[in-house]
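Feature annotations, reproduced from TrEMBL:
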- C373: active site, proton donor (ACT_SITE)
- 61-301: domain 'Orn/DAP/Arg decarboxylase 2 N-terminal' (DOMAIN)
- K82: N6-(pyridoxal phosphate)lysine (MOD_RES)
Amino acid sequence: MASCPKGTPSTLLHLDAQVMGGQRVTTVVTKEELTEFVRSTILKRQEFDEVPFYILDLGVVVTLYNQMISKLPMIHPHYAVKCNPEPALLEALAALGSNFDCASRSEIEAVLALGVSPDRIIYANPCKPVSHIKYAANVGVNLTTFDSVEELHKIRKWHPKCDLLIRIKPPDDSGAKHPLDSKYGVDHHPQEIVPLLEAAEASGLSVVGVAFHIGSAATKFAAYRGAIAAAKAVFETAARLGNNKMRVLDIGGGFSFTNSNTKSFQEAASIIKEALHAYFPNELLPGSSLRVISEPGRFFTYSAFTLYTQIIGKRVHGEMRNYWINDGKYGSFDWVNYDEAIAKCTPLTLASSLTTSKGLSRTYNSKVFGPTCDAADEVFSGHKLPELEVTDWLVFSEMGAYTRARGTNFNGYNTAAIPTYVVRSNRT
Ligand SMILES: *Cc1c(COP(=O)(O)O)cnc(C)c1O
């Protein structure tokens with residue numbers, strides 16, 4: 001087994017730095033300190049337009065990173081930047097020793113800007129624009145994925161030194177909330193693999209391994225076992241063709257971790273460990289050159305971010321309450337369905353010192369809309385909330401994964417401009 005991912009953080013990066021990604025980091029040890037930080041941030045925001053804001057807790061990121069390394073010590077994580085490209089998060093992960101999965105030129109730029117060396121980046125997009133391939137060649141990002149002969153043509157022409165992983169479809173990704181196999185990956189059987197390996201060989205390109213992704217927000221972790229078995233079949237096919245360069249197994253992302261459910265990751269980790277021992281036993285022995293990598297996105301982000309939205313409008317219909325908040329379906333909530341939004345939501349009123357009374361015990365059937373003029377911009381309905389007023393707040397927990405990163409500028413509500421404040425709790 002290749003050396004473990006202790007990480008050799010660049011000397012420029014310090015996890016306990018007072019500034020991360022250009023943001024000041026506030027240490028909050030007690031719950032009261034966090035409450036006070038939220039309160040002062042809200043008061044400060046009131047001098048500006050009513051825009052929502054995020055709070056990123058780096059203490060949570062550290063806990064999650066340590067979980068990942070302790071449960072899967074033989075695997076080198078590459079954080080999937082697309083999930084949430086917040087600079088403070090990227091810098092914290094870089095300081096922890098994480099590697100990165102970038103899928104475009106600007107994601108590579110963002111990671112290199114932190115002082116991370118290009119050999120800690122995999123360009124994990126099987127279908128890349130030529131200009132981005134040229135950029136990767138220029139800056140020395142020399143590992144990418146592919147699943148077609150056409151992609152090989154582009155790489156041969158513009159980045160012939162790049163090492164390649166064949167992206168295969170996991171045999172079963174039916175348990176994933178967002179499966180990816182309709183778009184990416186070839187079947188692991190020789191009839192699809194052999195032509196790709198032969199075309200690479202004929203082009204003088206090095207295929208060095210296999211990549212898969214069992215789908216985002218996976219629930220059936222046996223999918224990892226099936227996919228690791230399929231990857232093994234590809235290693236064997238390559239060996240039969242005389243390819244002795246196969247040395248990378250990329251098990252992708254799909255891991256989830258929430259404050260309330262720590263079991264799912266432990267279950268996934270033990271299935272992965274068993275499957276690696278079953279299908280790659282020799283390769284896991286000391287001295288073997290196999291490098292196993294992963295590409296967690298959701299895992300490192302989901303529970304680290306909390307979203308604070310302000311109520312900007314209200315309408316009363318008898319016992320019904322309609323509220324408008326300043327973020328919605330065209331912003332952070334694109335992938336958050338009603339049930340999830342309700343589960344994440346807590347009302348917050350400054351008048352009540354963020355906690356008690358002001359008639360908070362009486363509740364009304366409430367509907368919450370986003371700020372744009374589309375009627376479909378509804379965050380949730382059919383949920384009871386206390387009587388709230390314009391300028392009160394709704395707080396949404398566990399909003400780090402595919403939220404701000406997926407939002408638009410529809411109707412002039414610019415999701416990318418939502419500010420993030422950074423705290424470090426002692427949850428490590
Ligand atoms: C999106 C993506 C990831 C991250 O997936 P999560 O489910 O968020 O862990 C990893 N690898 C690739 C290739 C992806 O497209």
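Quick reminder: no glycine exception, Cβ is built from N, Cα and C everywhere.
Cα to Cα, C373 (active site, proton donor) and the residue listed as 'N6-(pyridoxal phosphate)lysine' are separated by 28 Å. The local packing around the residue listed as 'N6-(pyridoxal phosphate)lysine', expressed as other Cβ atoms within 10 Å of its Cβ over all shown chains, amounts to 18. The average pLDDT the prediction assigns to the domain 'Orn/DAP/Arg decarboxylase 2 N-terminal' (61-301) is 94.
The number of other Cβ atoms within 10 Å of the Cβ belonging to C373 (active site, proton donor), over all protein chains shown, comes to 8.
DSSP classifies the residue listed as 'active site, proton donor' as coil under the three-state reduction.
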